[in-house]
Amino acid sequence: MKLNPGQANAVKHISGPCLVLAGAGSGKTRVITLKIAHLVRQCGYQARHIAAVTFTNKAAREMKERVGQTLGRKEARGLIVSTFHTLGLTILKREVTTLGMKAGFTLFDDQDSRALISELTEKEYDGDKDQINLLLNQISRWKNDLILPPQAIKMAESGGEQILAMLYERYQRHLTAYNALDFDDLILLPTLLLKQNEQVRQRWRDRIRYLLVDEYQDTNTSQYELVKLLVGERARFTVVGDDDQSIYSWRGAQPKNLALLQQDFPSLEVVKLEQNYRSTGCILNAANILIANNDHIFDKRLFSELGYGERLRVLYAKDEEHEAERTVAELLSHKFMKRTSYKDYAILYRGNHQSRLIEKSLMTNRIPYKISGGTSFFSRAEIKDMMSYLRLLVNHDDDNAFLRIVNVPKREIGPATLEKLGNYANMRGISLFAASFELGLEQHLTGRGLASLQRFTRWMVELADFAEKGETIEAVRQLVRDINYEEYLYDSSPSPKAAEMRMKNVSELYRWITGMLEGDDLDEAMTLPEVVTRLTLRDMMERNEGDDESDQVQLMTLHSSKGLEFPYVFMIGMEEGLLPHQSSIDEENVDEERRLAYVGITRAQKELSFIVCRERRQFGESFRPEPSRFLYELPQDDLIWEGKTQKSKEEKKKTGMAHLAAMKAMLNKDK
DNA sequence: TCGAAAGACTTTTTT
DNA sequence: AGTCTTTCGA
C-alpha cells in the first residue's frame, strides 16, 4: 500500500522536529512504523538508538509487533518501544546509583498511595475520602509540574495550601523510607535527573538519538519536559497527536503542549493527515459535526473515500437490563444475517461498572467476550496478596506489602503484635521488617508473637538470599509452596468453586512471572525486582499468543478504546448524566465528554448503534434520564431514531438548537 | 479468632 | 443493586 502525500511527508521529514496532526483513522500507526523502518533502512540509524513512546501498554505492544513485522526481528533489535512510564522506569533502573536509591525499589500503585496517605493523615483527615482524594490529586499535580515538597511549601499562599504541602513532604519522606516510588515519580525523577546531571543527560541523548511520541496530546508538563530533555537542541523527533482525541485532561494531560511545540521549536514541521481510512462517510460525517461544537487548536477536516455506508441507529431500552439484552440480541441477529465473527463487534461504555450487565447477558447467551482494561485482575485479593509477597521479597522495607500478608495465611501474628511492632518501628524510624530483628524490640514484644514474627522475617530473608543467588524462579516456586496458599484459599473462600477460580488466577500470575524471568524471543529475561515493578505497571497483560485467533466480542470503556477499530460498534448508556457524565456537566467540562463520544464514534468502521435507556437505577433509586445531548448534536439526517418516523415538536426544537450551536461554533472558529 | 449479618458506600476515565 | 467494611455473637 502506498502512502498518501501527507503520510509520505511525515515519514520523510527527519532532519528536524516534526509534528503530525493525525485525525482518527488516518493511519498514524502506519506512519510511525514506516518512519522507524525508514530511519533504520535509509538513514543509517541503528534500531537501538530509536525510541517510540506511547501511553498505553496495549499501544506499545501493537507497535512493537508492527515494527517487528516491517523490519524483522533482527533489524528491530534494541528498539525501545514502551509507555512513558516504562521508559521512565528503564532510565531509573540504569541510574539507581546516581540517584542514590537502593535497588529493588517498590512501585506503589494508586491503591498503595491512597493507603499511605490515608494512614499519614489519620489525625488531620480521619479517613475522609474527599480530603484524601484532594490531597492525592494535589500531590499528583505537583509532581506533574515538577514541583518538589520544599518548593510546594514555599509557594503555598494560604494556610490550607501550606498544610497540603507539608503533607506532601510527609508522604514523600515515607515513600523514601519504604524505598518506594509512585507512578508520577517514574516521570518526575528521570526528568529531574536529566535536568540536573549533564553526564546522565548526555548518556541518554546518545542512547536515544531519534524519539517518536504517539498520542502526544496526552502528555502532561513533566512528560513534555522529559521529551525536551531527551531530544536536546538537535531536536530529532516526531510527535503524533490529535487534540480532538484528548480525553485525559483529568490526569494532567495538556493538549496545549501541541501548540507549545511550535513556540519551543520554531523549525517545527507540521504535517496534517486528514484522510480517514477507517470509517464510512456517514460515520465520519457524524463525528466531524459532533466535534465541531468544540474549540480547536488546529483546524482539520477529515474525509473518507469509503462510501456513505449505513446510517447510524439509536435504539431504546426500557432499563439497563433491557439495554444489555437488546444490545446482545441486536448483535446476535446482525451476526447471523451478515455472517460475521464475534470479534468484529465492540461494545463501548463510559464507566467500568456498565460492563457487568452486558457480561451477564453475553454469558447466558454463551457468547465469548473479552473485557479489556479495567483493573479487575490486579485488584483481586489473591493477586494483591501474591504481589505483596513478591514486593516484600524484593524490598523488605515495603511496609504496605508487609502489613498485607504478614498474617495471610494466618501465622499467629495478630493486631496486638503488629501494633507493638509498629510503635517500636516508628520510634526507631525503621521499617517493620527491619524492626523485627532489633534486640530492643524484646522489651516490647515477647514470647509467641515475637517468635512467629521472627520466623516469618527469617524465612523471607532466606528466600531473598536464595533469589539473589540467581535461583529466582526456584525461589518464587518455593515461596508459593511454603505459604501453602492453595490451602488458605480453600479455607477462606466461600465455596470450593471460588477457591478454584482464585487459584487459577494465582497460577496465571505465576506463569507470567516465570515467563518474564525466562524471557522469550521478543523480550529479554528480566530480574525479579524488574518483574515486580513491571507487573505493577500492568505491563504484560495479554501476551497470549492465541488472542488474535480467538473470536470474542470486545467490551471496553470509551477511554481504553482509543487507538482501536471495529467493524461494528455499540455505544451503550447514551444518556445525560452518563455521557456526558454528571460530574463533567457539574464542572462544565462537557467538551472533554464530547471528545470521548468522538473517540467512540470514530472507532466504528462500518456500522454504529447507540443505545439509550428510558429508565436507569442508581444506588437502588431509579430515574428517567434524558437522551444524551450528543445524540441531538449529530446530523439528524444520518440518524435513525428507533420507532420514530415523525419527529416530535420537542425534538425538533432540540435538534434545531443543537444545529444552531454547531453553526455558531463553526462561525466562531473562522474568526 | 472466625464467620455471619447488618451497615456503609458506591459509579468516571488510567499509567 | 451490589460490593466492601464493620460489627457482633459464638
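Glycine residues also receive a Cβ, built from the backbone N, Cα and C atoms like all the rest.
A TrEMBL annotation is a machine prediction, not a hand-curated record.
Keep in mind the model is a prediction, meaning the values are calculated, not measured.
Cross-referencing A:R278, A:R301, A:R311 with the ATP binding residues that TrEMBL gives (A:A22, A:G23, A:A24, A:G25, A:S26, A:G27, A:K28, A:T29) picks out A:R278. Excluding the listed site residues A:A22, A:G23, A:A24, A:G25, A:S26, A:G27, A:K28, A:T29, A:R278, the same chain places A:D242, A:L273, A:N276, A:Y277 with Cβ atoms within 8 Å of the centre of the ATP site Cβ atoms. Largest CA to CA distance in the ATP binding set (A:A22, A:G23, A:A24, A:G25, A:S26, A:G27, A:K28, A:T29, A:R278): 13 Å, whole number. Set side by side, the binding-site residues A:A22, A:A24 differ in how many other CB atoms lie within 10 angstroms of their CB, and the most is found at A:A22. Across the domain 'UvrD-like helicase ATP-binding' (A:1-280), the prediction's mean pLDDT works out to 90.
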